[in-house]
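A.B. asks: First, the structure itself, so that you have it in front of you.
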Amino acid sequence: MTDIRLYMLQSGSLKCKVHNIKMNQGNGADYEIPVPFFLITHPKGHTIIDGGNAVEVATDPRGHWGGVCDVYWPVMREDEGCVAQVKALGIDPADVKYVVQSHLHLDHTGAIGRFPNATHIVQRREYEYAFTPDWFAGGGYIRKDFDRPGLRWQFLNADVDDYYDIYGDGTLTTVFSPGHAPGHQSFLVRLPKSGPLLLTIDAAYTLDHWNEQALPGFLASTVDTVRSVQKLRTLAERTGAQVVTGHDPDAWPSFKKAPGYYD
């Protein structure tokens, strides 16, 4: 497969509370959010963006994630794992050239170390923070997901490497968007027919965050979170990009899912 395409996929969902996603809202009401990940096919080699939940949580969530399951409970089947879904699309895992990480929280690390020829691209400050997170953030990082010997890593350096062009042809560009995590990055995807799409990932969980009507329930920096949304809004307006928020149970169903695609 050499056509440039964007596939939108989902590795199950997370059961939580509204206030985990929208700060100080919901009065303790239950909430369930999708866990998206993305595949870009390209003649130079394919890219996985994030990979969703590690497949191990489909069979042993508490054994893999520990106490964070008391807050975020994964609902996932084994066939919703990243590798299984990529294979179901007829793609050989050996043909994946890049695994690109928005950040290293537990619901975004399902592709790391699972594609034998892949270079893993992440912000350096995110990688370093994931090993020594502050006390309030520790539950969000599952070290065994990313602390894997023998992986090829490529580190980006915040504003110095902002708008890094993965393929060199404008198809996939990183956008540094810290706040939710210290080294968070979003992605601008430009497609020949569908045009630009802006994957905010967790810089904006939902359209409430995007429209500045709520703060996310988890963040590393409030100021950085707000400023990153403003940066992404400006980019979307300038490029005319369609906006894809990170964990939005209302907006996510409106997008085409694999085996459908954007091209």
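Cβ coordinates come from backbone N, Cα and C, glycine included.
Swiss-Prot feature annotations, pasted as is:
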{"type": "BINDING", "residues": "H103, H105, H180, D202", "note": "Zn(2+) 1 binding site"}
{"type": "BINDING", "residues": "D107, H108, D202, H247", "note": "Zn(2+) 2 binding site"}
A.B. asks: List the binding-site residues among H103, H105, H180, D202 whose C-alpha is within 10 Å of the C-alpha of H247 (Zn(2+) 2 binding site), in sequence order, or say none.
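C.D. replies: Of everything listed, what lies within 10 Å of H247 (Zn(2+) 2 binding site) (Cα to Cα) is D202.
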A.B. asks: On a count of neighbouring CB atoms within 10 A, which of the binding-site residues D107, D202 is highest?
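C.D. replies: That would be D107, with the most Cβ atoms nearby.
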A.B. asks: Do you know which of the binding-site residues H108, H247 has the most other C-beta atoms within 10 angstroms of its C-beta?
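C.D. replies: Of H108, H247, the one with the most crowded Cβ is H108.
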A.B. asks: Looking only at Cβ atoms, how many others are within 10 Å of the one on H180 (Zn(2+) 1 binding site)?
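C.D. replies: The Cβ of H180 (Zn(2+) 1 binding site) has 27 Cβ neighbours within 10 Å.
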A.B. asks: Whose Cβ lies within 8 Å of the mean position of the Cβ atoms of H103, H105, H180, D202, the Zn(2+) 1 site, other than those residues?
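C.D. replies: My list of surrounding residues reads S102, L104, H108, G140, A181, H184, I201, A203, G246.
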A.B. asks: Same chain, not part of D107, H108, D202, H247: whose C-beta falls within 8 angstroms of the C-beta centre of the Zn(2+) 2 site? Give them in sequence order.
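C.D. replies: Near the Zn(2+) 2 site, beyond D107, H108, D202, H247, sit V35, P36, D50, S102, H103, H105, I201, Y205, G246.
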A.B. asks: Do you know offhand how many angstrom separate D202 (Zn(2+) 1 binding site) and H108 (Zn(2+) 2 binding site) by C-alpha?
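C.D. replies: Rounded to a whole number, the Cα-Cα distance is 10 Å.
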A.B. asks: To the nearest whole angstrom, what is the C-alpha distance linking H180 (Zn(2+) 1 binding site) and D107 (Zn(2+) 2 binding site)?
C.D. replies: 13
A.B. asks: I'd like the number of other C-beta atoms within 10 A of the C-beta of H105 (Zn(2+) 1 binding site), please.
C.D. replies: 26
A.B. asks: Near H103 (Zn(2+) 1 binding site), which residues of its chain come within a Cβ-Cβ distance under 8 Å, counting only those 6 or more away in sequence?
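C.D. replies: Listed in sequence order, they are V122, Q123, E126, H180, A181, G183, H184, Q185, I201, D202.
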